[in-house]
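See below for the structure under consideration.
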Amino acid sequence: SLLQFREMITKMTGKEPIFFYAFYGCYCGLGGRGKPQDATDRCCFVHDCCYGKVTGCDPKKDIYTYSEENGAFVCGGDDPCKKEICECDKNAAICFRNDLDTYDYKYLLYSPENCQEESEPC
């Protein structure tokens, strides 16, 4: 679920996702189009693509099972669809952490008008 995704991002980055990522670049937050603007925006693009491949459950609403072991998230549970959502969220949270040093505030509250280029395929 989006609440679990928020939790993962906060634990991985120490940042509040609603302020730091919800309105960043062309792909972070609702929707997405154009060309990812930087590495952080690409994390969101890849996450959107990952959600797009999930069938049989709702990535934004369905609650999955995960645990933390030695600072890493481990996706669990018996439902393969929910496990897939968890993996999408986990990989995006890791991506955000890995790209913290290139986060650029100029892409925060980025205007959709700047995202007019043709979108690349997933």
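Cβ from N, Cα, C; glycine included.
What Swiss-Prot records for the Ca(2+) site is TYR27, GLY29, GLY31, and among ASP48, ASP58 the residue it adds there is ASP48. Reviewing CYS86, CYS88, CYS95, the cysteine that Swiss-Prot connects to CYS50 via a disulfide bond turns out to be CYS88. Among CYS28, CYS49, CYS57, the cysteine that Swiss-Prot records as disulfide-bonded to CYS44 is CYS28.
Disulfide pairing as given by Swiss-Prot: among CYS43, CYS49, CYS95 connects to CYS43.
Among CYS86, CYS115, the one Swiss-Prot lists as the disulfide partner of CYS26 is CYS115.
In this structure, the binding-site residues GLY29, GLY31 were compared by how many other Cβ atoms lie within 10 Å of their Cβ, and the smallest count belongs to GLY31. Under the DSSP three-state reduction, CYS115 (disulfide bond) is assigned to coil, being neither helix nor strand. When the alpha carbons of CYS115 (disulfide bond) and ASP89 (active site) are compared, the span between them is 24 angstrom. Contacts of CYS50 (disulfide bond) defined by a Cβ separation under 8 A and a same-chain sequence distance of 6+ are given as GLU87, CYS88, ASN91, ALA92, in order along the sequence.
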